[in-house]
Amino acid sequence: MHVANKNTTDEEKNLPVNAYTPPNGGVKVWACVAGSFLLQFCSFGYVNACGIFQLYYQDVMLKDSSSSALAWITTIQVFLLFMLGPAIGKLIDVYGCRMLLPPFSTLAVFSVCMLSLCKEYWQVMLTQGVAFGLAAAGLCLPAMALATQWFSTKRGLAVGIVSAGSSLGGVIYPCMLPRLINEVGFASAVRWTALMQGILLLLANILCSRPFPPKTKEESGDKSTSKAGLDGFKNWPWGFFILGCFFTMWGLFAPLNYLPEMASLHGMSDFAQYTLAIANAGSLIGRIVPGWISDRIGQFNMMCTVTSLSGILVLAFWLPLEFHTSMAGVIVFALLFGFVSGGFVSLGPPCVVSLTGDSMDSIGVKLGGFCLAIALGALTGLPIEGAIKDREGDRFTGLMCFSGVAMILGGLCTGTARVIKGGAKIWQKI
């Protein structure tokens with residue numbers, strides 16, 4: 001009996017990755033989901049607190065810097081997170097996630113510690129923008145890759161749960177940091193944050209595992225695998241989908257970055273720090289529910305819905321608040337926008353898998369190609385909105401219009417990809 005089990009194990013190890021069948025459940029699987037959730041909490045969740053840092057830098061630490069200059073800090077973070085996708089994805093496919101998590105976890109904690117020593121703009125840019133952006137790239141993509149590898153039938157739900165970690169981070173950090181800053185100062189507040197991240201990332205490193213062994217040297221040298229992230233650009237659905245993600249990223253971070261500042265300028269300074277937490281609370285639900293629904297009606301159908309609704313909410317709800325501001329209105333908008341925009345983040349990886357095929361052996365590179373494409377949207381969106389804001393002074397009308405129109409255009413491009421891929425029948429699962 002013992003010999004038979006050993007032979008079976010050897011045969012399973014020699015199976016090609018394409019023959020691998022995801023278990024879709026089990027203790028080890030859900031432990032990995034929990035670890036991936038923590039990776040998102042400590043990386044993208046920290047980035048989601050951009051509005052709180054922007055408000056503090058503008059009012060206290062970097063008062064001489066313009067809105068567009070401060071926006072570049074978040075822009076560099078998000079850009080590096082996505083721009084490094086192909087390289088990180090290739091490393092995932094060759095070495096596995098376990099080899100990547102320790103060094104990038106260390107870099108994340110180190111960069112947050114170094115932020116506590118910063119006094120000048122260039123120092124903040126290097127530590128928070130560049131160093132943490134690099135660390136986030138090495139933590140976010142493995143988290144998403146693991147979620148797609150362990151599941152097939154519940155992929156949308158799994159990715160939704162994992163990506164909800166960034167939303168929870170966007171709730172916790174904006175509530176925690178202002179209180180700590182008021183009580184112990186900025187430097188100590190950031191050090192306490194680094195300690196919390198170190199503990200959580202250590203736990204994530206223990207929980208995360210991949211479902212199949214890393215590739216051999218022969219497999220990793222396969223040129224077809226190395227090009228997997230770019231092959232999708234040869235077909236129209238992929239091209240329109242990527243274009244849609246680009247335009248959506250143009251507008252997605254505008255409310256998250258400028259809603260606290262808007263609330264503060266309209267006489268709600270004590271409440272302003274909580275607007276970002278409210279938006280991310282809505283996003284926490286929005287990461288999971290649309291993913292769960294997409295497993296039933298189709299990832300593309302849900303993606304078209306949430307991207308279009310995000311832009312419509314900005315134009316139909318946030319824009320009027322510029323002229324008739326109320327605390328109740330800001331709260332409702334933050335919750336609604338957080339919910340619908342959260343779906344964009346959780347639905348991206350399942351849509352990529354749907355477009356490029358279900359083979360899991362090169363999923364890291366495929367997600368990397370997707371990240372590379374939308375990095376350009378992240379790089380240019382916030383600086384454009386910051387420049388518009390600088391020209392308008394204390395008004396937000398221009399950047400609101402830019403953000404809303406960009407996301408609606410993103411929804412239209414995604415809808416075009418959906419029609420080309422699956423036809424014009426609205427209720428067909430795509």
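Any Cβ shown, glycine's included, is placed from N, Cα and C.
TrEMBL labels come from automatic prediction, so no person has curated them.
Taken from TrEMBL, the feature transmembrane segment applies to 37-57, 69-88, 130-151, 157-177, 189-207, 238-259, 271-293, 299-321, 328-347, 367-384, 396-420.
Nonlocal intrachain contacts for the transmembrane segment (69-88), taken as residues 6+ away from its ends with a CB within less than 8 angstroms of a stretch CB, comprise 43-44, 47, 50, 53-54, 57-58, 62, 100, 121, 124-125, 128-130, 132-134, 136-138, 140-142, 229, 253, 257, 364-365, 367-372, 374-375, 378-379, 381-383, 385-386. At the 8 Å Cβ threshold, with sequence separation of at least 6, the transmembrane segment (396-420) lacks contact with the transmembrane segment (157-177), having fewer than 3 such pairs.
Within the same chain, residues 33, 36-49, 51-52, 140, 143-144, 146-148, 150-151, 189, 193, 256, 273-274, 276-277, 279-281, 283-284, 286-292, 295, 338, 342, 345-347, 349-350 sit at least 6 positions outside the transmembrane segment (157-177) and bring their C-beta atoms closer than 8 Å to a C-beta of that stretch. Beyond the ends of the transmembrane segment (37-57), by six or more residues, the same chain brings 65, 67, 70-71, 73-74, 77-78, 81, 101, 105, 108, 112, 124, 128, 132, 135-136, 139-140, 142-143, 161-170, 172-174, 177-178, 181, 186, 193, 197, 200-201, 203-204, 207-208, 253, 256-261, 264, 272-273, 275-276, 280, 283 to within a C-beta distance below 8 angstroms of the stretch.
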